[in-house]
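Undergrad: Quick one: the structure is below, and I'll ask about it shortly.
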Amino acid sequence: MIDTIAPPVAAPPSTQRPRPPKRPRNGEARIALSFISPSLAFFVVFWALPLIATIGYSMTSWRVGSDPEWIGLDNYFALASDPLFHRSVAASLTISVGASVVSLAIALGLAAVLAQPAIRGGRLWRLAIILPVVTDWVATGLVFQLIFLPNQGVLASLAASVGAEALINVPWVSDRTLAPIAVSIFIIWKQTGLYTIFFFAGIRSIPDDVIEAARLDGASAWAVFWRIRWPMMKPITVFVVVTAFVTTLGLFEPVFMLTGGGPAGETRTLPIFLYENFFSFGNSGYASAAGVVFLLISLAFALVASRMLKESYES
C-alpha cells in the first residue's frame, strides 16, 4: 500500500493590520522635555504670566499703594478719548517710520557697497558697522547728549570751526521740531549696522552664476542690483522691515536719554507714556491698558508683515 502525501496547503493571507509605529519611549520623552523646559519656563514666567496679569490689571483702577478695583473696559474708553495718548501714538509712529526708512535705505546702500568684490578690508568695515549695535544705549545716549548740546556740544564746536555761526546755538533737544529729528538720528546711528548685516547676508546668498550671467548679457551694476538682487532679496527685506519697525516702536532709552519725552510732549512715545503713567503718576491700571493697546498695534503690524513675507516666499 502506497501512502500518498497531500501537498501543503498555503496559509491564508493575514488580515491583521500593520502595527502602528511605536511611541517614543518614556526616556526619550523625558530627554526632549528636559531640552524644551528651560525655554518653556522662560516663556511662561517672563511673557505669558506677565501678559495675563497686565490684561487683568488693565481692567482695574489699580494705583500704586491701593487695592485693584474692577472697572471693566473703562480704561480703554478713557484711552480712546485721551489726547495725550493720541499724541503718544502719533509720536511713536512718526519717529519709528522716519528712523526706520532712513536707516533701512542707508543699510541697503552700505550692504550693496560691501558686497562688491573690489572692496578691500570687508571684515574691518563690517566690524566698524556692527560696533554701534553692540554698544550700550545709555553710554551712547550720554555721548549724543554731548553731541547735541548747544554752544558747547560737538556739533556746535564743528559749526564754530567752519564759521557757521547760525548752527552754534541750535536747541536740538529742546525745540519741538528738532527734538524728534535728534532722537531719530540717534536711533539711525545705533540700528543701521544691524540692518546692514541682514542685507549683506541676503546679497551674498544670491548665486554668483546668476549675477555673472546677467553681466555677460551686458547688464550694468545698477540693473543687476534692481532687477536681480533686489527681487531675490524680497523675503529678507520684509523681515528686516518688520524688525526695524517693531524694534524702533518699542525703544525707550533713546527718547528718555535725550529728551525725556519733551519738549511739550513732542517726543512722548508710547514707552514714555507707559513709564510716566506707571512710575510718575501711579496710574498702574491705566498704564496696563495702554500697554495692551501698544501690544495690539505691534501685533497688527507683525501679522500684516508676516502675510507679506509668506507671499514673497510663495512668489
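Note that Cβ sites are derived from N, Cα and C of the backbone, with glycine treated the same way.
Bear in mind that TrEMBL entries carry predicted annotations, made automatically and left uncurated.
Okay, these came from TrEMBL:
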- 31-57: transmembrane segment (TRANSMEM)
- 89-115: transmembrane segment (TRANSMEM)
- 127-148: transmembrane segment (TRANSMEM)
- 178-201: transmembrane segment (TRANSMEM)
- 236-258: transmembrane segment (TRANSMEM)
- 278-305: transmembrane segment (TRANSMEM)
Undergrad: Does the transmembrane segment (31-57) come close to the transmembrane segment (236-258), meaning at least 3 CB pairs under 8 Å for residues 6 or more apart?
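TA: With fewer than 3 qualifying Cβ pairs, these stretches do not touch.
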Undergrad: For the transmembrane segment (127-148), which partner among 31-57, 89-115, 178-201, 278-305 gives the most CB pairs under 8 Å?
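TA: Between the candidates 31-57, 89-115, 178-201, 278-305, the best contact partner of the transmembrane segment (127-148) is 178-201.
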Undergrad: Any chance you could find the range in 89-115, 178-201, 278-305 with the most Cβ pairs under 8 Å to the transmembrane segment (31-57)?
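TA: Per the Cβ under 8 Å count, 278-305.
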